[in-house]
Ligand code: SF4
C-alpha cells in the first residue's frame with residue numbers, strides 16, 4: 001500500500017504544469033499505462049472489479065437497447081455515480097485519490113478476467129472505450145487539456161498554409177473548416193475517413209479540431225487492444241494463484257451473461273409477509289423466472305432441488321420468515337406425507353436460512369448465477385425462461401404471465417429480438433417496463449434510472465415500490 005509519505009515525495013517530483021494535488025493520478029482520464037504496484041487486499045481487488053463491471057455491463061445493455069450516445073450518457077452517469085464515482089481535480093475532494101485508485105485497480109483486474117478469449121476482449125475494449133468517451137466528454141475542460149498535453153499523441157498541428165493548399169470549396173465541406181488541424185496517419189482515424197470528416201493527402205489525415213477527440217478515442221482503443229493481448233500471454237503464470245482465479249472466473253462469467261455478478265441494492269424484506277400472501281405477490285411482482293417456478297410448484301405440488309434452491313432463497317430475501325417459509329413449503333407439497341416432508345425437506349429449508357449445518361447466510365441467486373449455472377434439464381423448472389425456454393414456449397409463457405399487466409403479442413417481436421441477441425436480462429427489463437407502464441414507467445427507464453434487471457429480488461422490490469407509490473403508502477426503503 002502506498003503511504004502518505006510516498007505520495008508527498010512523488011508530489012515534490014512532479015513536473016511544472018502538471019496538477020500537483022493528486023500526483024499519483026493527476027487526471028481523471030487515464031490510459032492505464034502501468035498496473036497498480038502497491039499492495040491490494042483481496043477485498044479491494046474484488047470490489048473495484050465488481051463495481052466497474054456494473055458500469056461496463058450497463059454500457060453493454062445500452063448498446064443492446066440501441067440507446068443513442070446521449071441517452072447512454074444519462075443512464076451511465078447515474079450508475080457510475082453509484083458505483084464508480086470519479087470527480088475532476090477541481091472538485092477538491094479528499095477521496096479523489098481513492099476514487100482514482102479504485103478506477104485504476106478495477107480496470108486492471110478486469111483486464112485479467114477478460115483477456116482470455118477473443119470475444120471477451122472485443123467486448124471489453126468496446127465497453128471500456130465507451131466509458132472513456134463518456135468520461136472524456138464530461139471532463140473539466142482545463143483538466144482535459146492538461147491531460148492531452150501530458151501524453152504524446154503523435155499528431156502534428158498543420159500550418160495554415162498547408163491547410164490552405166488542401167482545402168478547396170469542392171473537396172471539403174466549408175462548414176467543417178477549422179482554424180486548427182491535426183495531422184496523423186490516416187490509418188489512425190478510420191472512422192473519420194469513413195465519415196469523410198478529414199482531408200486526406202499523402203497518406204496523412206488532416207483532422208479538424210472539432211474531431212480531435214476521435215484521435216484520442218482511437219488511441220485509447222488501440223492501446224488497450226495491444227495491452228490485452230500482452231496480458232493474455234502473461235496469464236498462464238497467474239493460474240497458480242488459487243485466491244485470484246475463482247474471482248476472475250466469476251467476473252468473466254458475469255460479463256458473458258452480460259451482467260455483473262451481484263445486485264448491490266438491498267431492500268428491506270416485506271414486513272409481515274406470510275405464506276398466504278405469496279400467490280398475490282407472485283401474480284403482481286415476480287419476474288418470469290420466479291413466476292415460472294411458482295406456477296410449476298402450484299401445478300406439480302413439488303419442485304426439484306435447484307428449483308427449491310432458486311425459489312427458496314428468493315422468498316427469504318423477499319421477507320418470508322423461516323416459520324412462514326416452512327408453512328409455505330409444507331402447504332405447497334400438499335400430496336406429501338408430514339413424515340417425508342419433515343425428514344427430507346425441513347432441514348434444507350432451515351439450512352438455507354442459516355439455521356443448520358455451517359449456518360451460512362446464503363444470498364439469493366442473481367441473474368448471472370441463474371443464467372450461467374445449473375442448466376435445467378427435462379422436468380426442471382429453475383433457470384431463466386428468457387434463456388432456457390424455446391422461442392415459442394417463452395412467448396406463450398410471457399403472455400400467460402403478463403397479459404393482465406399490459407403485455408401483448410405486439411410486444412413480442414421486440415422482446416424476442418433481444419433474446420435472439422442473447423441479451424436476456426435486457427428482454428426481462430423491457431417486460432418490466434411494459435408491465436409497469438400503467439404505474440408511469442417509461443421505455444428505457446428500466447428498474448429505475450435506466451438500470452437493467454440484474455437480480456430477481458431487485459425486480460420484485462422495484463415492482464412493490466411502484467405499487468406502494470401508486471397506493472400512496474409511502475416509500476419502500478431501497479438502499480444502495
Ligand atoms: Fe429472472 Fe433475471 Fe431471467 Fe429476469 S433476467 S427472468 S430476473 S433470471
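Cβ from N, Cα, C; glycine included.
Remember, it's a predicted structure, so these values are computed and weren't measured experimentally.
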Students should find that the region 'Disordered' stretch in TrEMBL, chosen from 399-439, 440-480, is 440-480
Residue 428 ([4Fe-4S] cluster binding site), number of other Cβ atoms within 10 Å = 27
Secondary-structure category, per DSSP, in which residue 384 ([4Fe-4S] cluster binding site) falls | coil
Just counting, how many other CB atoms are there within 10 A of the CB of residue 289 ([4Fe-4S] cluster binding site)?
-> 27
DSSP tally for the region 'Disordered' (440-480), helix/strand/coil in that order, comes to 16 helix, 2 strand, 23 coil
Sort out the sequence-distant neighbours of residue 384 ([4Fe-4S] cluster binding site) for me: same chain, 6+ apart, CB within less than 8 Å of its CB, listed by position.
-> 288, 289, 367, 370, 371, 424, 428
